[in-house]
Each structure stands twice: as structure tokens, then as C-alpha cells.
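For reference, the structure is listed below as C-alpha cells.
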Amino acid sequence: MFWSCLITFGFLPALQTYALSSYSQDIYQKTIVSSEVVYVLVQIMCAIYSNITVAAYPRLIYILNIIATVLVICILIIAKMSPCPPFIDHILIGGSITALIYLTANGINHFTYIILNIHFRDVAGKAGLFWGCVMVQSGTFLGASFGYIFTVHFSFFKERFPCVDYIC
């Protein structure tokens with residue numbers, strides 16, 4: 001849970017501007033709105049398929065975390081390539097691929113977050129939820145700290161400004 005919150009609520013928001021805005025403000029805005037829709041769809045999916053638990057599928061969380069981590073590494077690479085990310089000459093294709101990667105990573109991490117919360121509640125009751133919340137807050141704080149350090153102090157990413165011509 002710590003890792004999924006570090007990525008979803010802490011680190012990815014720092015990267016979204018660099019990874020998505022390079023294609024267009026429209027793609028950026030629609031992806032951010034769509035990520036909220038993905039959260040709702042994942043919650044509905046967890047309610048419908050309530051038999052998917054950590055006890056029933058113990059390796060599922062590991063597999064989903066690995067997949068989400070690979071997707072976040074892809075987003076990190078795309079953000080690092082800004083202001084000239086892949087397919088910048090084909091804004092719709094590049095923006096759609098990046099948005100799909102971003103939404104998939106968010107959806108997988110949110111699914112992991114929900115499943116682990118249910119598991120902690122079932123195993124340890126209120127104490128499990130308390131420590132789950134501690135992991136959420138500490139993961140979010142650490143992820144946001146990494147994002148802040150990479151973007152502000154090290155200037156690891158370059159922003160693409162809307163009215164500037166770039167040679168890519």
C-alpha cells in the first residue's frame with residue numbers, strides 16, 4: 001500500500017505536467033479528469049468482484065505493483081524527454097499513448113490500494129485501518145517529496161511552453 005500511494009498520490013502528480021502537457025493542454029486536462037473517472041470505475045469493479053482478495057490471490061498484489069512500477073517508469077522517461085517526448089509530431093497518437101499509460105498506472109495502483117485496505121480491515125480490524133492510513137500518508141508524503149526534489153531542486157524535467165517553437 002505504501003508503494004502504490006507513493007506512486008499514485010505522491011510522485012505521479014509531480015510528473016503529470018511534464019508527461020502530458022507537452023502534447024497539448026487538451027490532452028492534459030482530459031487525462032486528469034479521466035483519472036478521476038478511473039478511480040470510480042475501479043471502485044465499482046472492486047464492489048462487483050468482491051471475491052478478489054489478498055487471501056484468495058496472494059501474488060496478485062506483487063504482480064500489479066510490478067506492472068504499475070513499469071508503467072510509472074515509462075511515464076518518468078516520457079516526462080524526462082519533455083519538451084520533446086515520443087510522438088510529439090503526432091500529438092494525438094503520442095498523447096493518447098501517454099494518457100493510456102498514465103490512466104492504467106493510476107487504475108492499477110488504486111485497485112491495489114482498495115484491495116489492501118480491505119485486507120488490513122479483515123485481518124486487524126480498526127488497527128489495520130489505522131496502520132493502513134499511516135502507510136497512505138507516509139507514502140504520499142515521501143512520493144511528493146521525491147517529486148518536489150526532482151522538479152524544483154534538481155530541475156530534472158523541462159517544461160514545454162505553449163507558444164514556443166521547439167526543434168525536436
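Using N, Cα and C of the backbone, Cβ positions are placed for all residues, glycine too.
TrEMBL annotations: computationally assigned, not manually curated.
Under the heading signal peptide, TrEMBL lists 1-19. For the signal peptide (1-19), same-chain residues at least 6 beyond its ends with a Cβ under 8 Å from one of its own Cβ atoms are 28, 31-32, 65, 68-69, 72, 75-76, 78-80, 82, 85, 98, 102, 105-106, 109-110, 112-113, 116-117, 120, 132, 135-136, 138-148, 150-151, 157-159.
Annotated transmembrane segment per TrEMBL: 37-54 (among others), in sequence order.
Under the heading transmembrane segment, TrEMBL lists 61-79 (among others).
The transmembrane segment feature in TrEMBL is assigned to 91-116 (among others).
Nonlocal intrachain contacts for the transmembrane segment (128-150), taken as residues 6+ away from its ends with a CB within less than 8 angstroms of a stretch CB, comprise 1-7, 9-15, 113, 116-117, 119-122, 156-157. What TrEMBL lists as transmembrane segment is 128-150 (among others).
With a cut-off of 8 Å between Cβ atoms, the residues of this chain six or more beyond the transmembrane segment (37-54) that come close are 60-61, 103, 106-107, 110-111, 114-116, 118-119, 122.
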